[in-house]
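See below for the structure under consideration.
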Amino acid sequence: GRMWAYTVGFTVLPHVGGFLGWFLNRKEIPEWYEKLKKPSWCPSRRVFPVAWTMLYTGMGYASYLVWNDLGGCSSKAILPLGLYGAQLVLNWAWPPLFFGVHNLNMAVIDVLCLDGLALGTLCSWYRINRLAALLLLPYLGWLAMATCLTIRIWKDNPQQKSGKSD
């Protein structure tokens with residue numbers, strides 16, 4: 001009877017930090033982000049909430065599948081769920097670094113480390129649950145685009161590299 005609660009909990013968890021990151025930094029989007037020089041291939045602002053809702057749902061459900069297949073919080077779960085947790089923390093850290101303090105240097109470092117941890121998560125999950133690994137593929141694709149976009153914004157807006165100046 002309680003399995004549905006675990007399923008929902010794991011599926012909702014990534015949305016918590018994502019929503020918090022958006023909520024705390026939402027004023028910076030029209031006031032700061034819109035003024036940055038961005039490449040022509042930058043997605044519309046309207047695409048981001050839809051994309052992240054789908055990506056967070058997929059990765060959250062995938063984490064439940066891995067957790068369930070490993071029998072909960074067992075010693076076998078430390079590495080695969082630890083990688084997942086670490087990449088989730090870096091995912092949640094990106095909006096405050098980028099939008100909050102306008103630190104493009106740290107946002108680039110964050111997203112590059114995030115890429116490595118997300119790829120490590122996928123590789124560790126593949127041996128446990130192939131569906132869970134496949135559910136991470138759209139996320140890794142979006143991260144590749146987000147990484148390129150972060151680096152391009154970093155390169156094209158040199159005055160913003162180290163953060164807010166008073």
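Cβ coordinates come from backbone N, Cα and C, glycine included.
Note: TrEMBL annotation is automatic and uncurated.
Copied over from TrEMBL:
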TRANSMEM  6-25  transmembrane segment
TRANSMEM  46-65  transmembrane segment
TRANSMEM  106-128  transmembrane segment
TRANSMEM  134-154  transmembrane segment
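Beyond its flanks by at least six residues, the transmembrane segment (46-65) meets 6-7, 9-15, 18, 22, 81, 84, 88, 125, 129, 131-133, 135-136, 138-139, 142 of its own chain at Cβ-Cβ distances under 8 Å. Cβ atoms under 8 Å from those of the transmembrane segment (106-128) belong to residues 62, 66, 69-70, 79-80, 83-84, 86-87, 90-91, 93-94, 97-98, 136-137, 139-140, 143-144, 146-147, 150-151, 154, 163 of the same chain, restricted to positions at least 6 beyond its ends.
With a cut-off of 8 Å between Cβ atoms, the residues of this chain six or more beyond the transmembrane segment (6-25) that come close are 49, 52-53, 56-57, 59-61, 63-64, 67-68, 88-89, 91-92, 94-96, 99-100.
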